[in-house]
């Protein structure tokens, strides 16, 4: 080995910090003695090895943290974790078929028990599987940490331009994912309560184990799927399922007392009118007002002196009409008969103050009776 080659090896070792002269000589020979190219090849090889080893170290850290979460909360799990552990359980040692061996001392034949691989598909078996997967699932990930970590580096990148090619914009691939996730309904939490005679969701009704239709719900949850009608979620909505097991039979939750529940009725009659009769009442009042506007009147001779009487009816309302001074008291009775519902009721017309009664059939004129521009009141007898 020449002195120049030794100097290159020493420089290579000093720059890279390695202590293997053979490796340094290998990179120098591969790059025809060019120290810069040898250093570049060495660095590229180290970066590739780091990228190959980094992914294998990350799952180890996550698995250890997940193990800690399993010990802390064993009854909270997402449907995704249930589905994941459902596939893991298929390969677990507990569900592998039992192995038996037969044969001589130096040769043998392995025999697998065909019945040990079969899973219990009954309702109780599904419940045990869901409970086991919920305990293995651990607590759901903290979404706040993920959101804060993802927000540290946002935006787009730009490629370096040159005289021949302009700089181009490179969109953030995570931004597309964030925009798509913006339309996903928010994550919700549901509580799956397992009783001795069935199961329920939150404070809902009981789904009995002996009902074949309810078994399909348990199988869907065991496979990591969310029955939309059972969990009351939208399609694609993330949901966390908390599993609670009880040794008692189902007991419905107590009803929430509502001190003010029902409807009210306004004062007016012993039997309150129905809401649908409001329009009928309005029509009746409108017809009454229209009939009130079309009050009967006397035939007045415009060539003779005139006066006006204000008559208060006993059933309510008021009658105002013009008269000639030559009209009689009996003419006023005839007008009141046409204007009021006094059929079958005897009444008398009188002045309020001073009180004076005017009898039916009187032929006294209004001028003679002193009723010019006066007020009369109808009174039932």
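Each Cβ is built from the backbone N, Cα and C atoms, and glycine gets one as well.
Note that the structure is predicted; figures quoted are calculated from it, not measured.
Look at TrEMBL and you will find 46-171 (among others) tagged as region 'Disordered'.
Residues or ranges marked as compositional bias 'Low complexity' in TrEMBL: 53-73 (among others).
Annotated domain 'SEP' per TrEMBL: 187-251, in sequence order. The helix, strand and coil residue counts that DSSP assigns across the domain 'SEP' (187-251) are 15 helix, 20 strand, 30 coil.
As annotated by TrEMBL, region 'Disordered' applies to 245-299 (among others).
DSSP places the residues of the compositional bias 'Basic and acidic residues' (258-268) in helix, strand and coil in these numbers: 0 helix, 0 strand, 11 coil. The compositional bias 'Basic and acidic residues' annotation in TrEMBL covers 258-268.
As annotated by TrEMBL, compositional bias 'Low complexity' applies to 278-297 (among others).
Here the domain 'UBX' (302-379) has a mean pLDDT of 88 out of 100. According to TrEMBL, the domain 'UBX' annotation covers 302-379.
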